[in-house]
Amino acid sequence: MQLYNTLTRKKEKFIPQREGKASVYVCGITAYDLCHLGHARSSVAFDVLVRYLRHTGLDVTFVRNFTDVDDKIIKRAGETGLTSTEVAEKYMAAFHEDMDRLGCLRADIEPRCTQHIGEMIALCEDLISKGKAYSTASGDVYFRVRSFASYGKLSGRDVDDMRSGARVAPGEEKEDPLDFALWKSAKPGEPYWESPWGNGRPGWHIECSAMSEKHLPLPLDIHGGGQDLVFPHHENEIAQTEAATGKEFARYWVHNGFVQVNAEKMSKSLGNFSTIRDILQGYLPETLRYFLLTKHYRSPIDFTFDGMDEAEKNLRRIYQTLNLVENELQKTKWSAAPLPEEVLSEMDETERAWNEAMEDDLNTAAALGHIFGLVRLVNRIIEDKTMRKSAQARDALLRMQSMMARWGAVLGLFTRQPAEFLREMRDCRAARRDVDTARVETLLLERQEARKAKDFERSDAIREELARMGVEVQDTPAGAAWDIA
């Protein structure tokens, strides 16, 4: 498997340090608000990474933290009358609810900052003792950026260039404008902990250094997060951890691209964000997950409702094919006629191409394309009156089910019972278009009675009324079925 390593700026073969095992640390949310689509994208991207590593046979330990003390949490507490702890608990629970709905596996370990204050203080003390950090008269602790010779290696920034634009805010006691806070002295009304430098709380960057080292051996195999974390957060993590331990912090640095709206990054600060819950009022969670996987995880993805509709259409087609396959396999009589050799070889080639796409830096966009190739092939078999009767066709359909189950387990897709999922999607699309499903069912019953009575004029009139509502009717041996046109 090849992974793009932000540190080396190239794809590299992924070789875990401990045979048969892999460690993955991903920076989690700051728990002060509901998650937006940027959070969904990061969670889905790293969920697929972890699933794929496990698919290859590795024993993966996945750690993702929660930042549960931060300026934003303190501010939200002041706005709502809740304590900082209550704010963090509320939004950590909301995160789990949202990601559970999106089918993201929970991390094996979910450390919280407030549960690791001792480790953070110890790391600060270690850095001070090594001359890499210093405390101030007011009780703040800062990291000496220039004491770490390779500062900037992840982001590709030059220290002297950064220095020219750096400023010291009033009241700060930095030796150098580039230095960043490891420990912040307590302000009135804020949560605090006792420390050798007085009451205070940790800075953001020290948190992940302390928690990752606590729960995983160094160097980490993979450290991940959104592209916005490359600088300063991940750059500062490297400086702290490597200055303190003398060890490499992580071998592979993996970063997902932004979700964009009108070519701008989606973020709370820009005010152009939609929460996951906003989107899931109109679409099924699996549709959103599918949409997020239609682009390579490192590329930006433009969020549009047209894009969501396209994802929904494609996901529906895949499930319709899975439903067809399920029904076709109910047959008990099959002929001895062979399938054309090119059909069997096309299935082999599709499986090879899917594996190749995923091995190439988790190219889910290409992998979904190969799944569509399989869907087209299977529909060709089912629609051909000769091929569909073949016992080899049965074997091909069973193989398709097996392939889709394996691939779906990696992508977190296609795991639902097809007929049930299609009904759910139909009702979701109906709700989005304000179609009264109870009225539809009533009209279908009336149409059924009209057909029994051979009142075809009335039956056709009802079909036309349903069509005006945006509903199409399919008459099947099992009775009338309906869907949104």
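Including glycine, each Cβ sits where the backbone N, Cα and C put it.
Per Swiss-Prot, the features are as follows:
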type	residues	note
BINDING	Cys27, Cys208, His233, Glu237	Zn(2+) binding site
MOTIF	29-39	motif ''HIGH' region'
MOTIF	265-269	motif ''KMSKS' region'
BINDING	Lys268	ATP binding site
Notebook entry, point to check: Minimum Cβ neighbour count within 10 Å among the binding-site residues Cys27, Cys208: which residue?
Noted result: Cys27
Margin query: Is it possible to list how many residues within the motif ''HIGH' region' (29-39) are helical, extended or coil according to DSSP?
Written below: 3 helix, 2 strand, 6 coil
Margin query: Centre the Cβ atoms of Cys27, Cys208, His233, Glu237, go out 8 Å, and tell me which other residues of that chain have a Cβ in range of the Zn(2+) site.
Written below: Trp204, His205, Glu207, Ser209, His223, Gly225, Leu229, His234, Asn236
Next item on the list: Enumerate same-chain residues with a sequence separation of six or more from His233 (Zn(2+) binding site) and a Cβ-Cβ distance below 8 A; give 'none' if the list is empty.
Entry: Cys27, Trp204, His205, Cys208, Gly225
Item checked: For the motif ''HIGH' region' (29-39), mean pLDDT (0 to 100) -> 96
Next item on the list: Give the three-state DSSP assignment (helix, strand or coil) for His233 (Zn(2+) binding site).
Entry: helix
Check: Hey, what's the Cβ neighbour count for Glu237 (Zn(2+) binding site) at 10 Å?
Finding: 26
